[in-house]
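Notes for the one structure printed next.
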Amino acid sequence: MILQQLLNGITTGAVYTLFALGFTIVFGTQRILNLAHGAVFMAGAFIGYYATRIGLSFVPAVLLAMAGSALISCLTDLIAFRRLRAMGQIEFGAIISSIGVGLILTSLGQSISKTKVLVYPFDLLPNEYFNVLGVRISLLQIVTVASVAVILALVIFLIYRTSLGRQIRATAGNERAAVLLGVNPTRVYLIVFAISGALAGYAGVLIGLLFNSVHFMMGDPYLLKAFVIVVLGGLGSVYGAVVAGFLLGIVQAFSIAYFTGSLADIIFYSLVFVILIVRPGGLFGNTGATVKVGRI
């Protein structure tokens, strides 16, 4: 029972981490809360669903969902944020602007789905299960955890071990200094939004498969979870988002198994409250009296 719930928690936590990572890299790079991120997540789930309806298999549907979500995220940057950056009003203006983009995307999702709950085809992945040490593991769980692990490794490698990653971190640290070093911040921001959107799109597909439900309001609760994960892990911390995302998934799985579903969020948010009292800057953030916004 314990191992089974641990597996369930790791699976759910992997998706939470994937979604929150896209949210935190935008925040860590630009100090903005992209509240349209949940709607991009929903759009990815929709794109993946309709891709399967026209006959695409799992991998092409996922790639199309990631590409479509990346494009939507880039358009969000171009339409909602670029002008605000030029005016020097990005931090507060981004909240209002991203809410507007999110409402537009949600309304489109509502119109397209006609408010119906959509369900991915049951045969999209083989319905296979494996028993290991008494733990029942589905093929979907294996694909979810393995693919998310690979994506997380690639994103971390990109940010900390490549020339593009150095440009991202330089822009995050000091945009003006980065410009003097030959970095194009506008290009960097667009790439960051593309990565963020692709991660959200794949997370949307996985949630749609794991919980067998896709609907136009599905992004809102996960956006709240992403925000909590970012705060708990440490504002702008990539590693913090990874740890906090898996922690949320595991705590939620055990809470649902041993208590009731309604208590799961109460238990987790109580745990977050206690952790933030002990470490006000989050698990990987500043622990001093004055907590500043962290950067990648």
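Note that Cβ sites are derived from N, Cα and C of the backbone, with glycine treated the same way.
Per TrEMBL, the features are:
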- 6-28: transmembrane segment (TRANSMEM)
- 35-52: transmembrane segment (TRANSMEM)
- 58-80: transmembrane segment (TRANSMEM)
- 92-113: transmembrane segment (TRANSMEM)
- 133-160: transmembrane segment (TRANSMEM)
- 188-211: transmembrane segment (TRANSMEM)
- 223-249: transmembrane segment (TRANSMEM)
- 256-278: transmembrane segment (TRANSMEM)
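Per-stretch counts of Cβ pairs under 8 Å to the transmembrane segment (188-211) identify 35-52 as the leading one among 35-52, 92-113, 133-160. Annotation: stretch 223-249 has the most Cβ pairs under 8 Å to the transmembrane segment (6-28), among 92-113, 133-160, 223-249, 256-278. Stretch with the largest number of CB pairs closer than 8 A to the transmembrane segment (133-160), among 92-113, 223-249, 256-278: 223-249. Outside the transmembrane segment (92-113) by six or more residues, the chain places 30, 32-40, 42-43, 46, 72, 76, 79-81, 84, 214-217, 219 with a CB less than 8 A from a CB of the stretch.
Through the fold, the transmembrane segment (223-249) approaches residues 9-21, 23-25, 27-28, 31, 33, 35, 37-38, 41, 152, 155-156, 159, 172, 268-269, 272, 275-276, 281-286, 291, 293-296 of its own chain, all at least 6 residues removed from its boundaries and within a Cβ separation under 8 Å.
Distant neighbours of the transmembrane segment (256-278): 1, 5, 8, 228, 231-232, 248; these residues of the same chain sit at least 6 beyond its ends, with a Cβ under 8 Å from one of its Cβ atoms.
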